[in-house]
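Heads up: the structure comes next, in C-alpha cells.
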Amino acid sequence: MSFCSFFGGEVFQNHFEPGVYVCAKCGYELFSSHSKYAHSSPWPAFTETIHADSVAKRPEHNRPGALKVSCGRCGNGLGHEFLNDGPKRGQSRFUIFSSSLKFIPKGQESSPSQGQ
C-alpha cells in the first residue's frame with residue numbers, strides 16, 4: 001500500500017538525465033540527478049538534497065520514520081522523506097511529486113542557486 005495517493009503524471013519517475021531538479025515554484029536547487037535512483041514507487045526517488053537547506057522537514061503524524069518535506073526557500077510541498085529506506089543502509093528515500101519539480105539539464109544551470 002502506498003503512503004501517498006497516486007494520480008499519475010509522474011514524468012520524472014524514470015527520468016535519469018544528468019542535471020538538477022529545482023523547485024517548480026521558486027527555482028531553488030533541491031536534488032541532483034546523481035542522488036536519483038530507480039525505486040518501485042511511482043514517484044521519483046532521491047537519497048539526498050543538494051544543500052542542507054534545500055528542504056524543510058516536519059514529522060508526519062502517525063507515521064514514524066516519515067517526514068513531510070517542502071522547499072526550504074518558498075515552502076512548496078514536495079513529498080516525503082522516509083528515514084533508513086534508501087538504496088543503501090542508513091540512507092533516506094526522498095519520495096517527491098514530479099509536479100513540484102522542474103528539471104534543469106546539465107550545462108544549462110543559470111547559477112548555483114536557481115531562482116535568486
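Placed from the backbone N, Cα and C atoms, the Cβ positions cover glycine too.
A quick note: this is a predicted structure, and the numbers were derived from the prediction, not measured.
According to Swiss-Prot, the protein has these features:
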type	residues	note
DOMAIN	1-106	domain 'MsrB'
BINDING	CYS23, CYS26, CYS71, CYS74	Zn(2+) binding site
ACT_SITE	UNK95	active site, nucleophile
Composition by DSSP (helix, strand, coil) of residues within the domain 'MsrB' (1-106): 6 helix, 39 strand, 61 coil
Alpha-carbon distance [CYS71 (Zn(2+) binding site); the residue listed as 'active site, nucleophile'] in Å: 13
Most Cβ neighbours inside 10 Å, all chains, among the binding-site residues CYS26, CYS71, CYS74: CYS71
Other CB atoms within 10 A, centred on UNK95 (active site, nucleophile): 23
Mean predicted confidence [pLDDT] for the domain 'MsrB' (1-106): 90
